[in-house]
Amino acid sequence: MTTERTLVLVKPDGVTRGLTGQVLARIEAKGYRLAELRLVHPEQELLERHYEEHRGKPFFAPLVEFMRSGPVVAAVVEGDRVIEGFRSLAGTTEPTTAAPGTIRGDLGRDWGGTVQQNIVHGSDSPESAEREIGIWFG
Ligand code: DAT
Ligand code: MG
């Protein structure tokens, strides 16, 4: 079974910069389907659960604070191998060095050393995807 669902977030930097439409357009242009879509002002507790795997790391608190700095667009995106496919479309974590052609590589950069401002989130495994979809749409 290759048809999957993933959780995509347009982070506050992406929403504030007016990039939501471009991000969604790239997802649709690649052939994936938007199954759910909402604009959210996430609570601290939701974000701490979302980033559970990073709890205890030095960037955890700044990351959660950044994610609360503005609205987030949350989407459930469907398609064959969409988890891997969206991660590929998003590009690597650091926007400065993410490959051109990717969302992070084309639309992002460092703003005073802030790696967390990388425009989008995408789940990294089927287990993460189901867990994260439950958090944002449960
Ligand atoms: P990704 O979003 O590419 O899956 P991740 O899960 O390792 O990356 O980290 C989650 C987010 O945390 C990432 O999008 C940006 C931020 N982040 C990761 N590593 C960081 C670091 N070393 N310093 C600051 N922020 C970091
Ligand atoms: Mg991750």
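Cβ atoms are placed via backbone N, Cα and C, with glycine included.
Bear in mind that the values here come from a model prediction, so they are computed numbers and not experimental data.
Taken straight from TrEMBL:
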- His121: active site, pros-phosphohistidine intermediate (ACT_SITE)
- Lys11, Phe59, Arg87, Thr93, Arg104, Asn118: ATP binding site (BINDING)
- 3-138: domain 'Nucleoside diphosphate kinase-like' (DOMAIN)
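Location within the structure of each feature annotated in TrEMBL.
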residue : record           : Cβ contacts under 8 Å, 6 or more apart
Lys11   : ATP binding site : Phe66, Met67, Val72, Gln116, Gln117, Asn118, Ile119, Val120, His121
Phe59   : ATP binding site : Val115, Gln116
Arg87   : ATP binding site : Gly122, Asp124
Thr93   : ATP binding site : Arg104, Val115, Asn118
Going by DSSP, is His121 (active site, pros-phosphohistidine intermediate) sitting in a helix, a strand, or coil?
strand
For the domain 'Nucleoside diphosphate kinase-like' (3-138), what's the mean pLDDT in this predicted model?
97
Based on DSSP, tally up the residues of the domain 'Nucleoside diphosphate kinase-like' (3-138) by helix, strand and coil.
59 helix, 28 strand, 49 coil
Give the subset of the binding-site residues Lys11, Phe59, Thr93, Asn118 lying near ligand 1, defined as CB under 6 A from any of its atoms.
Phe59, Thr93, Asn118
